[in-house]
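Novice: Feature table excerpt (TrEMBL):
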| type | residues | note |
| --- | --- | --- |
| BINDING | HIS182, HIS186, HIS192 | Zn(2+) binding site |
| ACT_SITE | GLU183 | active site |
Amino acid sequence: MVYLAGGFGGGINLRSVIGSTVGCPSTRKVALMGIVADCEYVASFGNNGERVRQNIISVVNEASTLFESTFNITLGLANLIVSNPNETCPVTPPQTAPWNLRCSSNTTIEDRLNILSEWRGTKSGDGLAFWTQLTNCPTGASVGLAWLGLLCQSEANRQNTNFVSGANVVARTNQEYKVLAHEVGHTFGAVHDCTSAACQDEAYVATSQCCPFSSNGCDAGGRFIMNPSTGDSITQFSACTVGNICTGLSRGTVNMNCLSANRNIPTIVAGVCGNGIVEEGEECDSGGDSTCCDPSTCRFRTGAVCDPTNEECCTGTCQFAPNTQVCRPSNGPCDPEETCSGSSSSCPADVTTPDGQSCGDANAGTYCASGHCTNRDAQCRSLVGVLQGVNNNTRSCDDVNCQLTCTSPQLGQGVCYGMQQWFVDGTRCGSGVCRSGSCVGNSVFNDVRSWIQRHLPLVIGLSAGIGGLIVLSILWCCIRSCIRRVKRRKLRSQPPIFIPPQDMGYVAPPYAPSNAGRRLSRRDGSQNRGVGGNMPPPPPQQMPPNQFGYDQQYYMEQAAALDYYNNMRTNSGNLQQPGNAPPYAPPYGQQEPQRGQSVRYA
């Protein structure tokens, strides 16, 4: 099987959702975040704790403004932990702050993400969407790293010595808020915008390994936040990234359960009226002029009972909407619409049809999964079937795994392509269903029964023409195969494996086991495709840093985390591919948080 690096989420074809805001909230939501600032970051401000605090608040506010204007999601700083400015960097960090490391050639940005991810798991009950570490210790040219699509992932999943959770690392640069916005974009599930190099491979683009510029154009021209490189003129997300993130939220491939309604939000700068966040003690906060909310007091105006800026069931006259008003439209036969109650400004909880219930065309074999009418083949057609219009010939390679693997005659006979994505939660896998990339509820005998049902004509033919002995032999082989698969699945019953990035500029293509969950896509301009099989990853290759550079930041992204590149060396000649660059692959290749009003020092 051939694997593709990058991509994300249950059969989303990014060309088909460019500019779509379906799935993003219609009223403002808040993603509460935590930040840790290590000793090297604090030292870069002359160990002035107040300067550190003000800079962090400023950076978060700028990134938040970008997210709010694009996705209607505000970033709220709920927890800030700063290394004690009165102390030097410790030789050995304390157990309570293992991320507080001094700069060292022996500690890479990947190490920092790993340590932060494990530490984040000790705060799994904090309700935060993610944690960010701010440091002044880039690894070579890399200034940022993030796990892809792990919004609201508070627990730390472990694979050998690696830990994965909703976390990212940002090193200090003069583009700090853009680096933060970029990394948080990956936390929300966004892939890179397509570059001219990536656009040379039609299959690579069509399978959503990068975000194309338009439905009939590819190269985004390096103009947007999720571009593999950044510059002063980049100030917004691309229309494709909008569709990428919003559709991921809509389909449930990115968890948004931790996003808060904009009401009684605890932040470290609580009580700042006019910042658009309805903090504790405020009735409303529209972030500007409003007919319902007084922006100077953050109290409702006379006669107003709600604010439509932040509440789905509030009218333009600041009153509760009637019970006939739809506040959450239907997403299809598996997701009925919700209407307002008439006595509240909040929309009722989203209720979907139970997974597994038949839906759509009776002959299509579709069923409900996470509020979508789909099946395995339908998700493959959605993702790769757009290639030369071969929707009807694109199908899933098997019916037991939860990794999205597809095949199509247009992509090569007898070849399966692993998209490094998961089937939507609720998709059938043998006799079980997929949940976060793992098959739940399956068993050996159910697998055997499922195999017989799927191959009933063969079983009947063999029984009639050859005899029961051969049938029994075949069944025994199936049972042995299932037993072996169950033994392997015991390993996969752990949370899906995430492969950490390598930060060595150009590196050999990464490999991932077949049950890898979300891999990082490479971020160094080459759009390298990881090609691999069912084998553990090899040791990292120690490659020299990338030797070309504009006077701007470069990003590098691999497997499931993404690396932000900062290459400040000028290039006196033409930009050329360095000698150590790999060739292009073939197509497809418990501690409760403290949310106080002041900074906590580690």
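Each residue, glycine too, has its Cβ placed from N, Cα and C.
As the structure is a computational prediction, the values presented were derived from the model and not from experiment.
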Novice: Tell me whether HIS192 (Zn(2+) binding site) sits in a helix, a strand or coil according to DSSP.
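Specialist: Going by the DSSP assignment, HIS192 (Zn(2+) binding site) belongs to neither helix nor strand, so it counts as coil.
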Novice: Run through the Cβ atoms and count how many others sit within 10 Å of the one on HIS192 (Zn(2+) binding site).
Specialist: 29
Novice: If I take the alpha carbons of the residue listed as 'active site' and HIS192 (Zn(2+) binding site), what is the distance between them in whole Å?
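Specialist: The residue listed as 'active site' to HIS192 (Zn(2+) binding site), Cα-Cα distance: 11 Å.
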Novice: If you count Cβ atoms within 10 Å of the Cβ of GLU183 (active site), leaving out that atom itself, what do you get?
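Specialist: By my count, 27.
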